[in-house]
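**Student:** Sharing a structure here in structure tokens format.
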Amino acid sequence: MVRPKKKPVLGKDGKPLSAAAAKLRLLKRLKCTTKYEKLAADSGAKLIAGIDEVGRGALFGPVVAAAVILDPNYRIKGLRDSKLLPAETREILSKRIREHCIAWSIAAVDVARIDQLNIYWASNLAMKHAVRGLSCQPDHLLIDAMKLDLDCAQTPIIHGDALSASIAAASIIAKVHRDALIREWAPIFPEYDLASNKGYSAPKHIKALREFGPSPLHRQSFAPVWMASAPQEVLEFMLEETADTAVPPEVLED
């Protein structure tokens, strides 16, 4: 049976949006609330942690995860998926989250481990390390679309960072931390334009990989990295693919 082809999502100009841009539009329409936290509390949970990771799709640098237990008696306004927030707002919220939450923890898995395990299991590992790093252990986990091998009640939520305040808080402090790491490395590896692309796939990044080869902090198991020395026609195909899947510029802004 042949499945009907999905209709493309169109932008304001009537042209089809890339997959990444279409997802970003969807996320903007979702409402971030404490609905899932309240459901967990109603089931008897006292310490509810939100967990998320950032950098999963990047070509360069670690994958970073965070776990946050928000104080249910202190509301932090403006929490939403970190991809939807300007960098300055993320910085302000990250500080506020760390100051007013019950507990928070950040963990990173480096490129060597990513290449050894694959990015799915490396992300999973980073999340587990983040949970274990909390100063008090939670009795319920809210996780962005993943389950962890931990002895704790869990609720995986698709688009959780756009729907759950706790997961959104985790996504914010994880992104602020990872972006700070990238800022430190950008002057060391200026040829890859890391200040602009944050280590993600982008046409200038792909071209730099072809011209200079990968750095020690690139993920050698990722196709755009190990294919950097591919023939020109393959590179052109990769650039076309990148144009559709690259993270929209507003997500990467400083």
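In case you wondered, yes, glycine gets a Cβ from its N, Cα and C as well.
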**Student:** Which of Asp139, Asp144, Asp149 shares the divalent metal cation site with Asp52, Glu53 per Swiss-Prot?
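**Tutor:** Swiss-Prot lists Asp52, Glu53 binding divalent metal cation, and from Asp139, Asp144, Asp149 it also lists Asp144.
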**Student:** Tell me which of the binding-site residues Asp52, Glu53, Asp144 sits in the most Cβ-dense spot, judged by other Cβ atoms within 10 Å.
**Tutor:** Asp52
**Student:** Over the domain 'RNase H type-2' (46-234), work out the mean pLDDT and round it to an integer.
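**Tutor:** Value for the domain 'RNase H type-2' (46-234), mean pLDDT as a whole number: 96.
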**Student:** Excluding Asp52, Glu53, Asp144 themselves, which residues in that chain have a Cβ inside 8 Å of the centre of the Cβ atoms defining the divalent metal cation site?
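**Tutor:** Everything else in range on the chain: Ile51, Val54, Ala65, Ala66, Ser123, Met127, Ile143, Ala145, Met146, Gly160, Asp161, Ile167, Ala170, Ser171, Ala174.
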